[in-house]
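Here's what TrEMBL has on this protein:
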type: ACT_SITE; residues: Glu349; note: active site, proton donor
type: ACT_SITE; residues: Asp498; note: active site
type: ACT_SITE; residues: Glu623; note: active site, proton donor
type: ACT_SITE; residues: Glu676; note: active site
type: BINDING; residues: Thr764; note: Ca(2+) binding site
type: DISULFID; residues: Cys565-Cys609; note: disulfide bond
type: TRANSMEM; residues: 216-234; note: transmembrane segment
Amino acid sequence: MNRVRDPFNLYNRPGTIAAINILRATATTAAVEIRDRAEKAAAVAQAAAKSADWHQAASRAAELAEQAAERTRDAVGAVAEAAEAAAKEVERALDQGFQLSTNEEDLEQGAGLLPLLPAAAEQEEEEEEDTEQMAFSVPRHVPSFTDPARQAEDRLWAAATRQRAGPSSGVLGGVQDKVGGFLNPDRRSLPMYKDKPYGYGPGGGRPRPLLRKKRVLGFLTLVILGLLWMTGFFDEHHERARAKLGDWGWLSSDMKRGGKADWMKRRERVVEAMELSWDAYERYAWGYDEFHPMSKTGRNMAPKGLGWIIIDSLDTLMIMNLTSRVTHAREWISKSLTWDQDQDVNTFETTIRMLGGLLSAYYLSTEYPNLAPISDDDVGAPGEDLYLEKARDLADRLMSAFDTPSGIPYASVNLGKFQGLPSHADNGASSTAEATTLQLEFKYLANLTGEKDFWDRSEKVMQVLDDNQAPDGLVPIYIQPSTGHFHTQNIRLGSRGDSYYEYLIKQFLQTKKAEPIYQEMWNDALQGIRKHLVTYTENSGFTIVGERPSGLDNHLSPKMDHLVCFLPGTIALAATEGLSEREARKKPGFWNKQREADMQLARELMQTCWGMYRYMATGLAAEITYFKIPSDPLPASNTHTPPPDSIFDDPLGPDATWRKDFEVHQFDSHNLQRPETVESLFYMYRITGEVKYREWGWEMFKSFVNYTAVEDGGGFTSLSNANKIPPVMKDNMESFWMAETLKYFYLLFSPEDLLPLDKVVFNTEAHPLPVFEVGRLLRTGWVRKPRTGTTGAGASGAA
Ligand code: DMJ
């Protein structure tokens, strides 16, 4: 084991060890980040000097330099916080009568040596012992909540978040008072890293000679902080921190002068919500697959964890340019993630969240290197393919789900055994949406790796399903892997049905419209939706999409899952094929009556989904909403005028007529932080350019912040009842809160050229993947069977 001298003879003082670890880790991360930013800015500045277009290059260099300065301020702030906490712990030790060793002989002989990297060493030992893993055991990189070092760390961090009672004593006291006070007027509200593994950051746990002696480290920290403080360096950081906290109590600065909304400021609020969510997870449940923000605990879904939250959130962190958090996530993926576990997982969920998340991270880190740049992610450097390697490994395991008699994938796979497993329920049937929402991911992976099997197996599913010739393109929600035939007659656009439709049009767009077969299937389905599922409410004429639980020839149930609210955005995306409505209307030979009607349907459904939020006490939609429709439902083709948007401002409040069209049952009144409505608002705003969609999104975002924020830096949580104030909280943060909901809010408030819709397709978990060209190897390998007719008489006749 590496050792250094311990002149203070502090060995076996867990508090001290923890303090030094925190200081060293924080300082290392800060130093690396500062260096990287500065190097990048310098490189661009040099290029600017040589560049012909020096104006543009110089302004880019200035931008980077500003970013570097901002990161530097943040990083130095973190070092200062850690220094203060560490110093307090040392003071505490000294207060307890702890003596410094001055014995030269001791020092010469190395007595009282302090082990380097104690956390890492302990971990190594644990790894050796820990050969037998039990289901749901705690992974290695999650700290034990009972070990003494952890408790000492807890004290440190608690100390760093407590308001100072008075001036502290000891060598560091005066500086701490000034720095601490300057940096953080209300420390309890500022989230801090707690569970960051020791040595985290590029360079891992390698000891750095300069930093070995804590006296040198402490001295250097003090000198740097002193110099920076004297030059007024902290003033702006202080302002920034205070502004952030002040603004959170809603929301004075989101308007420009003249009463116009400042969308960039509103977008910043979303970044803050993301930071709070991530930091809470990082602090209380790092490495776990589930996060329970109220009890501040985590839980795993597999013996060593699956990275469920880390991987699902990664591209949102990248898009928001939260570099240090991306670095931490990447570190975990590099050091702790393994798919080699004897664990059954859901094929669909693992594909859309984990495979989709990794592929998206790969795409963003290679195609948008300026988003959250990480130095060792550069082309040519080791580790550049980390995300792709992990994706490929996972995909190989998930492919075992497709080993079925029909080619329809099984609901689950055992990752470690490479084994597909039929569902335990539903007679072994798979959900239709689950079987048909894997294609974007596997096809992109085929494109990246050249492995045709990924393409062929996922495409085959579409053929087997379509061979059933579902009337009017509407598919029952279960399908049998053993036969390839549908199971039950239940048809809906909510759970188990939804993303089948979504992936039809997105497959068409993913391959630059080279596969018209999927657009045809989408068009059939949309006509089927109009014919069988769309109707209007009784009092105010809202447009809804109901369900046919007993097949197309039986009754229409006026029920909408929140999940159905992906539909307005997807209809608009299909109508313009990713263009803005203005461009689409101008494009020669493109616009027609059908596209016009589709946009109208998208607008009307969007309004209904917005109404589902307006109806609720918290302003947050329920999981399921029922609607009042006439006993003989009106067909979509009926002459119809949707209500004006101002209907939601009705001064009659709870007695407003429009409210009579909505109904939420108590057991459906939960809100799971779902993304579908803000997802649609994002598409609707991008495509129509109508600001009202942004405004609706802003109202929703405020409701999330007001009613789902958890005290004590816990982030945000789901609600068990969103229809009462205060709401009943549920103590669970879904991974799609950071993966999807916050990402779509961010994109809704962002300029339109960020991830343009003609360049990317978002998978169903909001992970952006690029559009690409099909080639001779990877192209459509099947044709549709001729249709034999349609069924049902539409909403009116069949009800
Ligand atoms: C996410 O996992 C995906 O959006 C999926 O398509 C539906 N369910 C959740 C979000 O509600």
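A Cβ is built for glycine as well, from the same backbone N, Cα and C atoms used for every other residue.
All features noted in TrEMBL, drawn onto the structure.
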residue	record	DSSP (3 states)
Glu349	active site, proton donor	helix
Asp498	active site	helix
Cys565	disulfide bond	helix
Cys609	disulfide bond	helix
Glu623	active site, proton donor	coil
Glu676	active site	helix
Thr764	Ca(2+) binding site	coil
Distance from Thr764 (Ca(2+) binding site) back to Cys565 (disulfide bond), taken between C-alpha atoms, in Å: 13
Contacting recorded positions, sequence order - Glu349, Cys565, Cys609, Glu623, Thr764 vs ligand 1, Cβ under 6 Å: Thr764
Of the recorded positions listed as Asp498, Cys609, Glu623, Glu676, Thr764, the one whose CA lies nearest the CA of Glu349 (active site, proton donor): Thr764
Distance [Cα-Cα, Å, rounded] between Cys609 (disulfide bond) and Glu676 (active site): 9
Neighbourhood of Thr764 (Ca(2+) binding site), C-beta criterion under 8 angstroms, separation at least six: Ile352, Gly356, Thr437, Ser499, Glu502, Tyr503, Phe566
Winner by Cβ contact number (other Cβ atoms within 10 Å) across the active-site residues Glu349, Glu676: Glu676
Fewest other C-beta atoms within 10 angstroms, as judged across Cys565, Cys609, which are the disulfide-bonded residues: Cys609
Glu623 (active site, proton donor) to Glu676 (active site) - Cα separation in whole Å: 11
Active-site residues (Asp498, Glu623), the one with most neighbouring Cβ atoms at 10 Å: Asp498
Cα-to-Cα gap, Glu676 (active site) vs Asp498 (active site), nearest whole Å: 11
